[in-house]
Structures are given as structure tokens and as C-alpha cells.
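Q: A single structure is presented below for examination.
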Amino acid sequence: MACFGLFKSKKKTRNSSGPNPATASAPPSNVSTSRSDDSAAGKHPSKSSASTSSPRSILAMYEEKAHNLRVFELDELRSATNDFNRMLKLGEGGFGSVYKGFIKPLDGKGDRIAVAVKKLNQHGVQGHKQWLAEVQFLGVVEHPNLVKLIGYCAVDGERGIQRLLVYEFMPNKSLEDHLFNRNYPGLSWNLRLQIALGAAEGLAYLHEGLEVQVIYRDFKASNVLLDKEFRPKLSDFGLPVGTYGYAAPDYIQTGHLTIESDVWSFGVVLYEILTGRRTYERNRPQNEQKLLEWVKQYPADGRKFSMIMDPRLRNQYSLGAAREVAKLANGCLVNNRKDRPKMREVVECLKQAIQMDSMEEHPSTSSLDKQKKPGSSSKR
Ligand SMILES: Nc1ncnc2c1ncn2[C@@H]1O[C@H](COP(=O)(O)OP(=O)(O)O)[C@@H](O)[C@H]1O
Ligand SMILES: [Mg+2]
């Protein structure tokens, strides 16, 4: 595929063309681990995850848009979430618990707005000023593929400063839920490609579309949330945490986060999208437990490649596009971070895969399937 021309020449010089198993061997028990003790964590984005090319313009950007961010009273968020009612709890991650809530619109008129309130853990958080600066920075960031930060709350509680973040509510859960939770019907091939593309656009914007470069830090399937039309939006960007299984080898070795470590994590998610498997699955046979090791046995150009594809796709995908996505993932998963593609290149590559998919009759759709559902399209 033409998009591979973009970074083909670099590929020749690297010593490994496939994913590196070393990172997949990270302990699965630590699924979501706070890295706030890490050297790369707990710093202002303009220092650790961003290169301050022009601090003045960043300041101007803050001033221009900072007022968009709402400052909530704790009581407001308490009543919004029915006193952080367990029934409204959406989930729990490395940062704390997330609750569904309803807030009044800013002008007080009209229906209440659904939000997700993230109640941050107390331990390991950085100083207040720094936290506020980060939050205000994240409040400025706006893109169709990024979850909007609506506001925040920071108050002195009985047990130290309480910090909460208020995000727009995403009604269709996360990519992780749809890929791995058997209670969901599974995602069609086309939707998987569209989700990958949207997520790549969000990342590309953080890396290259702002005046400062924002490293996502914790890119993974559970941070790709889906809106009511199943459009992907990334949450938790810029927050100081990293999750094992998605972490790049250079990050593990040096503790230094770069935009290229995000590209690695993106490659991991691409393989999750293709296979419907998690980075580590303890209940699989030994040689299948580590996703990145297992897929190496079925090269993208090989005859047996389709063996890795998610059975839940029921063979309804274009093999050509799937091979290209696997090659793209391999490009993201090279050891030398400098040889990984830029997210802009990833976006282009995925666009081409989508185009390829739209042109290709899904050849692997079995005739039996077609008989069962007369008149149904080969794609959902
Ligand atoms: N803006 C949101 N809208 C709807 N649900 C959300 C939102 N943010 C987070 N969630 C839900 O809360 C869960 C926990 O989120 P989080 O604390 O970020 O942990 P993690 O990303 O590790 O799963 C997510 O898996 C997701 O289902
Ligand atoms: Mg999250």
C-alpha cells in the first residue's frame, strides 16, 4: 500500500520488523498502574509532555479559552451524582472512580446535561498549582476525537484536597468494552476501521495540531470512548499514568515518555482491534498468552495471516485491508522509536485501508452466511 512508502525506507535499517515481545511480558496483574512516582509523571505538560515552543502564545491560548472551563462546588457534583452513588458508578481506573451525573447548563435553562465525574485518588497527586495548570491546559484542547473536559472541582476536604474532573458523557462505553466484553454484540469491521481512524486523528492532533506537543501517555482501548453515533473520542489524555501491556520498550527502559511511545501503544490497540484479544490473556495456551508474540507467528503477508483475525468478525472483513492494518501496526511496534511512523502517517494509512475496504467485496464472507441472511450486506 502506498502509505507504507512513507516510512518504508526507514524500515530497512531497523533490526526487527515485528512487535517486540519484551513489552508484552509485563505483569498482567498491574493492569492500571499509577506512574506518578515516575520521573516522567507529575510535571506540567509544557515541560514533560510538551515542548514549549512559544510560551507566550500558550498563555494567550489559556486566557482566551480558560473561561470555557467550569469550576464546580463539591456540593454541585455531589448532587449531580446522587452523592457519588454506587449505582451511578461507571468504572474505576488508575486515577480513581468515574460516576455518571447530571449538571445544570451554564445559563440555567433547558435540560440537565449528562456528564462523567472523575473523582481522583488522593495518593500520588502533584501540588495544587501544578494540577490546576495541567487541567486548565487540557480544558483548552478541543477536537472532535477528544473527550471534552467541561470543568473541575478542587476543594479542601476532611482528608486533604479533593479533586474532581467533569467530562462530557460518552454513552456507548469504550472500545475495550466492545472488543472484549461478551455482553456486547461486537463491532463490525468497518466500524473498527473508523474507530481506529478517529482515535489516530485525536492522537495526531495532540502530537502535531497544537502549539505545544501533548503526549497522550496512557493510550489504550479503555480510553477510546464512543459517543452516541459510535464516533471515538479519547479520554484521559495528558494525565500522568501509564498502563502495562501498552507501554513502549523505550519508555520502560528510560522512563522517558515521547510521542513515539504513544505510537507504540497505538500499534498495540490496532492488534487488539484485529484480533479481539487483550495484550495478555492468562487463560490461553502458553504460546498465545502474549498478544504481540502470538501474532508474530502469522505474518501480515503470510498465507495463515487470517488466523489472527477476531472470530467475532465472522469472516466479514476485507483481507487486503486487514493485512495493511497489521503492517501498519508492525510499523508502530518497531523497537527503535525513531523508526515508528508519525500519527499523521498512521491517519493516512488508515484512510487508505478504509478506501481499500470499501472497494473490496469481502471475499471471505461464506456463502452459508449469505444464505442465512438474504439481502443483508456483507458489512454492518
Ligand atoms: N467521559 C466518560 N463518559 C462515559 N464513561 C466514561 C467516561 N470516562 C470514563 N468512563 C468510564 O469509566 C471507566 C473508568 O475510567 P478510567 O478511570 O479512566 O479508567 P480506565 O481508563 O483505566 O478504564 C471507563 O472504562 C469508562 O467506561
Ligand atoms: Mg480512562
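Each Cβ is built from the backbone N, Cα and C atoms, and glycine gets one as well.
Pasting the relevant annotations from TrEMBL:
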REGION    1-57  region 'Disordered'
COMPBIAS  15-34  compositional bias 'Low complexity'
COMPBIAS  47-57  compositional bias 'Low complexity'
DOMAIN    84-365  domain 'Protein kinase'
BINDING   LYS119  ATP binding site
REGION    355-380  region 'Disordered'
COMPBIAS  364-380  compositional bias 'Polar residues'
Q: Take the domain 'Protein kinase' (84-365) and average the pLDDT across it for me.
A: 91
Q: If you draw a 10 Å sphere on the Cβ of LYS119 (ATP binding site), how many other Cβ atoms land inside?
A: 20
